[in-house]
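Working notes, beginning with the structure itself.
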Amino acid sequence: MDGIQDCFYDDDEKYLTSCQLNHQYRVKCHNTNTCWSPILKEYACSMTGQEDNIPFQRFCNGINQSIYYDNSQQYYNDEFECEEWLCNNMYARCDGYWACADGRDENNCSRTKCHSGTHVCVDPVNLTVICLPHTRVNDGEDDCLGASDEQHRCQRLYPPSEVPKRFRCLRDTTCLLPSQLCNNKSDCPLGDDENFCNTHHFKCDNDSTYNRSEIEEVLCGLSEQKNRREQYFSVHTSSNYPSLGNTVVNESLYWSTERHSIANINMDHSEASLWPWYCNRGLVVNTWVTNNSFENICMCPPSYYGPLCQYQNQRISLTLHVSSVDRYATYAIIIMLIDDNDEQQEINTYDQFVYITKESCSTKFNRYLLFSTRPKDLSKNYSIRIDAFEKNGITYVGSWHFPITFLFLPVNRLAISLVLSNRIIQTSLNCLIGCNNGTCVKYLNKEKYFCRCHSQWTGIQCNIPISRQMCSYDSFYLGLVNNQSICVCPLHKFGTQCMFTSTCPTNICQNNGKCVPADVTTPGSSYTCICPDQFFGVNCQYSKAKLDVSLINMHIPSYITAYFFTLSNTSQPMQTIILRKLTLFQHTTTFQISIPYHIVIIQSSGKYYLAVLQQSLQTDISTLIQPSQECIATEQLLNSTVTKMVPYRRIIFFHILCHTRTDIICFIDPAYLCLCTNDHHANCMEFKRDRNFQCSLTKHCANGAQCVQDHPTCPSTRICICPACFFGNECQFYTKGLGSTLDEILGYELKRNTILSKQPITVKVSAAITMIIFAVGIINCILSIMVFRRQASQKVGCGIYLLATSYTSLMIMILFALKF
């Protein structure tokens, strides 16, 4: 079900139970029992005569483009019940198609040659281009060649979704296709489809406008399929919120403008065309032999071998996806094919690569692992073991074990997804294996234990000494394969024995960015910059746009969700989601984002608020969120009969809402987010209101706390929503029975990595009181010590006691200040 006929009788495209296949990314169209391949995601539903995602801009634009069905299987199109919509609306205006019968939606547009109040026209008598007054348009008389002033006549007979016949014959009802013009055949009774032709070759079918005559330009404009411009969501009919300054973002900072040139390579194509076939799946290398002669040698990939790469290797084909809790960490991932029958647990082959969470989160790594013998020994049991180390200090993260089943197959394919935790792996106390020179550790994916051997030891129980291992002193020895050591290198070392130092260029990462040397086995840049939250770019050279959001007269939730929308005149809006956790008394928070944005919607306690609406991009914005900015749910604005309709049927009521409720600035539907424009019309874009932000990692939060994240696979933020009496980033602290202490209250108020002058007022007051108490206490303690150190005061026991308490008080005051 991918649109490609692979079977002789087309069985693969007529499969009736395609929705029963265990493929979660297949595309299912509304009211159908067919699930298409993901490669047809954009076209599958249109192939069946409908679409599951119809943009708001297509509704009531005068062009019948899409169909859909309601809950009772009733058929509708995107031009149904458009009486409440203006034909001259923001998305029909100047799009190259007459949505209004009199063409006023195309009047005074930049692409027309005529001034306001007139339409371009070809005089049918003298065949010249004129500007026809607007009063003579849509008056029932054909004043122009092809009836371009009465376009609605052919539009009604032949909708755009059908045959686009737009040229109407003079004094006749016949409508013609562009291909029927100037074809040396009179299709009109008066021959007006041929009379204007200089040559019998009409150029409308050609996408190029080169060498067209003025008459051809006008008549080609009748075809909306070639002339119409696709319209996308825009905010030019809405007012900015808040009132913005004049600091405009340079959009070129956000996208790379590098240009890559391709060198011209002179090659004998007759000879080059034979090379790909010489080595099957390999690459041909022309080598010098002797006597000025050359020989072709095949360089085979791991999956093939032989003089011509003609034989397949028995192998393990592994696809690995890795994710990590720590977004800024760098890991070494080691994949090993192990012989489980061998007492020494021989490693047949291995592969090692560097994983940088922030850069490679969505990457799938494809690796081949070969057996040590050819053919493989079917009497043995093999398994895949994966070890992970954090490279900054070579901290052990964990191990995973995957047995290889069905060994009779020539190729075993595995798809594995790993989650790297930042929790330290503890030695297991329930281990039944005697690890002589190692520690017993449990695999992270199963109830099975193994021995992690110390350096110089190997074997199932770490009882086999290794006479020779060649790893640098600051690396970690993991094992031996083909008499070569497997070494895990620290962050700034590389090589099979970690003997080479990989250094970053001096000061290459700006703004306190962290430079990580790239994996030498990976093509591309020799380094990667891990930027702080406030900066971005290849070298962290750009500052992110900053948005300060203040909540006014609102309940402070545990967290808020910000939806950033970036608009374009060439595509649908792009959406970015950021979560932000709020403390107990926090009314203001800051978002940093590296992409330009035009709209920001804040979700707080299940409600949505318009935070920013800007037509020209700004760098730094401060905005207020208050009840008057709420985007009210349509369930509160429309009756239950309307809300139960399918999303596309509800759209016709959106304009009515903006027209009758002039007090609302926006509203939200389960499928759409709508703005009410300055002229009280609805302007909507697709928006999924009911999103699931549940974390994929179930163990990230402690004590039964709810975990939310801003992206299903590559989150930049994870937030733990703590139950009662728990607090902390992972809800790891417990306060029940202690009451409300000062530490607990201020812990919610303190902002990390923020100077005192920008802290909340409660923190500033607490700091001031603490400094006053500290100053008074220090002075009091010093004076007390000076008094009670005198010999006269120490003649009795009370004097010695008071001197000791003075020293104790001094230490307490110092610790009190340090604790704050």
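Any Cβ shown, glycine's included, is placed from N, Cα and C.
What TrEMBL records for CYS82-CYS100 (among others) is disulfide bond. Sequence-distant contacts (6 or more apart, same chain, Cβ under 8 Å) of CYS100 (disulfide bond) comprise GLY62, CYS87, ASN88, ALA92.
Annotation comment: TrEMBL describes CYS94-CYS109 (among others) as disulfide bond. All chains included, 18 other C-beta atoms sit within 10 angstroms of the C-beta of CYS94 (disulfide bond).
CYS182 (disulfide bond) carries neither a helix nor a strand DSSP state and counts as coil. Around the Cβ of CYS182 (disulfide bond), the number of neighbouring Cβ atoms within 10 Å comes to 21. TrEMBL lists CYS182-CYS197 (among others) with the feature disulfide bond.
Positions annotated as domain 'EGF-like' by TrEMBL: 427-463 (among others). Per DSSP, the secondary structure of the domain 'EGF-like' (427-463) breaks down as 0 helix, 12 strand, 25 coil.
The annotation disulfide bond is assigned in TrEMBL to CYS453-CYS462 (among others). Counting only same-chain residues six or more apart in sequence, the Cβ atoms lying under 8 angstroms from the Cβ of CYS453 (disulfide bond) belong to CYS435, ASN437, GLY438, GLY459, CYS462.
Residues or ranges marked as domain 'EGF-like' in TrEMBL: 500-541 (among others). For the domain 'EGF-like' (500-541), the model's average pLDDT works out to 83.
Using a 10 Å Cβ-Cβ cutoff, CYS540 (disulfide bond) registers 21 neighbours. The annotation disulfide bond is assigned in TrEMBL to CYS531-CYS540 (among others).
Feature annotation from TrEMBL assigns transmembrane segment to 765-788 (among others). Taking Cβ pairs closer than 8 Å, the transmembrane segment (765-788) reaches residues 742, 746, 756, 759, 794, 799, 802-803, 806-807, 809-810, 813, 816-817, 820 in its own chain, all 6 or more past its ends.
Listed by sequence, the residues of this chain that lie at least six past the ends of the transmembrane segment (800-818) yet keep a Cβ under 8 A from its Cβ atoms are 770-771, 773-774, 777-778, 780-782, 784-785, 788-789, 793-794. Per TrEMBL, the feature transmembrane segment maps to 800-818 (among others).
A simple way to gauge crowding: the CB of CYS197 (disulfide bond) has 17 other CB atoms within 10 angstroms, across all the protein chains here.
For CYS197 (disulfide bond) paired with CYS540 (disulfide bond), the C-alpha to C-alpha distance reads 61 Å. In terms of DSSP secondary structure, the domain 'EGF-like' (500-541) contains 0 helix, 12 strand, 30 coil.
Between the CA atoms of CYS182 (disulfide bond) and CYS94 (disulfide bond) there is a gap of 28 Å. Of the recorded residues, CYS94 (disulfide bond) and CYS540 (disulfide bond) place their C-alpha atoms 42 Å from one another. For the disulfide-bonded residues shown (CYS82, CYS109, CYS462, CYS531), fewest C-beta neighbours within 10 angstroms: CYS109.
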